[in-house]
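Student: To start, I am sharing the structure in question, which I have written as structure tokens.
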Amino acid sequence: MLLSQNVSAIGPLNLYPMVHISLVFGISYVAPVLSDEHCTLKMRFRNFQSVLSWELKNHSIVPTHYTLWYTIMSKREDMKVVKDCINVTRSFCDLTDVWVNTTDMYIPQVVGFRENAKLVICMGSFFLVPDKPLDPPEFEIVGFTNHISVNVKFQFDSPGILSEELQFYLAFIEEHAGNSVKRHQPQITGNITKNFNYVIDKLIPNTNYCISVYFEPKDPRKINRSPLKCTLFRPRRESESSESATIGGIITLFLITAVFISTVMILKRIGYICLRNDFPKVLNFYKLSVWVFAELPPLEKVATVEVIHVNRKKKVWNYNYDDENDIENEAAPHLISGGYTKHGLTGKLCPTSTTSPSLEDCSLEDCSEPSAEEPYLPEPKGDAETPMAPGPGLWQSEGTSGGYQTRGTLWQDPTSEEDSDSTEGSEGRIVFNVNLNSVCVRALEDDKDSEVTLMSPSCPEETVELEDLNETESSVLVASEEGTQLPFTNPSTECPRPQDAPSDKSDTSDPDVDMGDGYIVRQVNLKKFN
């Protein structure tokens with residue numbers, strides 16, 4: 001609730017704290033009418049302008065136009081017409097520039113006409129200093145966070161009059177807040193011609209303040225206050241917003257710091273950062289472009305690995321052809337399923353392929369070229385015909401007893417050519433599986449020059465020539481209990497298997513033939529191991 005209070009005393013000692021501000025220029029004053037009672041004359045100041053107005057008491061008389069005359073009582077002069085108020089239709093006249101002396105008494109005369117006839121004459125007298133009330137000036141208020149600014153606007157049409165009159169008036173600003181009223185008195189001089197600002201501080205937060213501005217005349221009854229203008233003072237709203245913004249900034253900064261520290265710890269734990277120098281190169285991310293643009297992995301390096309086969313020397317028994325030594329040293333054959341007997345044969349073998357580089361290491365005493373030395377022998381006839389084995393035999397061997405010898409040929413794998421390249425004194429160890437059902441044994445003649453033709457199931461055209469006992473003694477195959485597997489030749493060098501070879505002869509032929517000297521001559525067909 002806004003309250004207003006009139007100021008009865010004039011002076012700086014009569015300032016009382018008030019919350020409402022009121023600045024009043026004065027109250028309108030109606031001058032007494034000295035003429036007849038046909039009119040009522042009024043003198044007012046509107047925005048520091050002296051305006052004389054009149055009103056007819058008899059409303060039945062309606063003049064069409066008016067003319068204003070005036071004179072000064074102290075000068076005893078005739079009536080003067082006001083140039084701006086001749087034959088005017090309005091009921092007021094501006095005398096700001098005409099009545100300039102505030103110490104003289106002016107006597108105005110208003111004449112009303114209807115066409116050329118006078119209808120009414122009104123007269124009066126006015127003393128400007130006591131009788132001229134001042135209207136309140138225009139003002140604006142602006143609320144800030146810690147104060148309120150009051151901007152008072154003076155509109156002076158006649159600065160000369162104000163310079164003489166305002167020095168007799170005091171300007172007040174009343175401040176209303178609730179039931180309390182506080183009056184402020186700004187310092188105003190008589191030569192004020194411009195606007196001025198007044199600051200009201202030390203305000204209570206969240207309080208509604210209303211301001212009024214007025215001029216206080218000598219007569220307290222003539223105070224004319226301006227309408228109130230109010231504003232709500234809320235300084236804490238901005239402070240609360242600033243505090244909330246500060247708290248929000250602190251929380252945001254804390255969250256960003258926590259996320260950053262957590263990310264760094266996670267990256268360090270999984271090994272993407274803070275890597276040790278001795279880690280593999282695949283874990284070192286020195287180039288950021290590698291992370292963004294993935295590059296193709298480098299090609300794998302191919303290194304040549306040399307595989308060296310070590311041929312260990314096996315113990316070779318001193319084999320002789322005596323009956324006793326042969327019986328003692330002869331290894332008992334190992335029987336396996338399928339009707340096969342496993343014999344351990346020890347000796348130096350040479351491949352039959354002419355393209356194998358291991359032929360260079362074989363001496364002429366131990367092996368001979370089948371294509372160069374062995375003549376083609378015709379197939380035996382009658383009972384001495386050698387049957388062909390049904391299995392895929394890759395070996396050819398010849399068994400001897402007493403004064404006869406057996407020479408075998410071996411197909412080697414080209415990958416083992418380097419291993420077979422050894423000196424003449426090195427010997428290997430070979431293990432064969434022999435199918436006794438496919439072995440053809442025949443009796444050899446006593447003549448040393450006789451020949452035995454051995455037919456291999458895989459190569460029926462290949463023949464073996466008997467050689468002298470003295471020249472082939474070193475290549476005799478000795479039976480042994482242990483053996484090693486020989487490398488095999490390339491399948492491209494093997495002879496094709498004949499499909500039309502009869503298999504019934506091997507079943508009817510006698511596998512063992514007694515030579516009469518205690519030895520049994522066998523024709524052995526060796527099989528390739530996979």
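Glycine residues also receive a Cβ, built from the backbone N, Cα and C atoms like all the rest.
According to Swiss-Prot:
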COMPBIAS  397-414  compositional bias 'Polar residues'
COMPBIAS  472-493  compositional bias 'Polar residues'
DISULFID  CYS39-CYS122  disulfide bond
DISULFID  CYS85-CYS93  disulfide bond
DISULFID  CYS210-CYS230  disulfide bond
MOD_RES   TYR340  phosphotyrosine
MOD_RES   SER474  phosphoserine
MOD_RES   TYR519  phosphotyrosine
REGION    356-428  region 'Disordered'
REGION    462-518  region 'Disordered'
TOPO_DOM  268-530  topological domain 'Cytoplasmic'
TRANSMEM  247-267  transmembrane segment
Student: Quick check: of the disulfide-bonded residues listed here (CYS85, CYS210, CYS230), which one has the Cα closest to that of CYS122 (disulfide bond)?
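Tutor: Out of the listed candidates, the nearest Cα belongs to CYS85.
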Student: Quick one: average pLDDT across the topological domain 'Cytoplasmic' (268-530), no decimals.
Tutor: 49
Student: Which whole-number value in Å describes the distance between the Cα atoms of CYS85 (disulfide bond) and CYS230 (disulfide bond)?
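Tutor: Distance between the two Cα atoms comes out at 41 Å.
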Student: Within 10 Å of the Cβ of CYS230 (disulfide bond), how many other Cβ atoms are there?
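Tutor: Its Cβ has 14 other Cβ atoms within 10 Å.
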Student: 10 Å Cβ neighbour count around CYS39 (disulfide bond)?
Tutor: 20
Student: So if I measure Cβ to Cβ from CYS93 (disulfide bond) and keep only same-chain residues at least 6 apart in sequence, which ones fall under 8 Å?
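Tutor: Non-local contacts for CYS93 (disulfide bond): VAL51, LEU52, SER53, LEU68, VAL82, ASP84, CYS85.
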Student: Return only the integer: C-alpha distance in Å from CYS210 (disulfide bond) to CYS39 (disulfide bond).
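Tutor: That comes out at 40 Å between the alpha carbons.
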Student: How many whole Å apart are the CA atoms of CYS230 (disulfide bond) and CYS39 (disulfide bond)?
Tutor: 41
Student: Go through CYS85, CYS122, CYS210, the listed disulfide-bonded residues, and name the one with the sparsest Cβ surroundings, counting other Cβ atoms within 10 Å.
Tutor: CYS85
Student: Need the DSSP three-state call for CYS39 (disulfide bond) to compare against my parser.
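Tutor: Reduced to three states, the DSSP call for CYS39 (disulfide bond) is strand.
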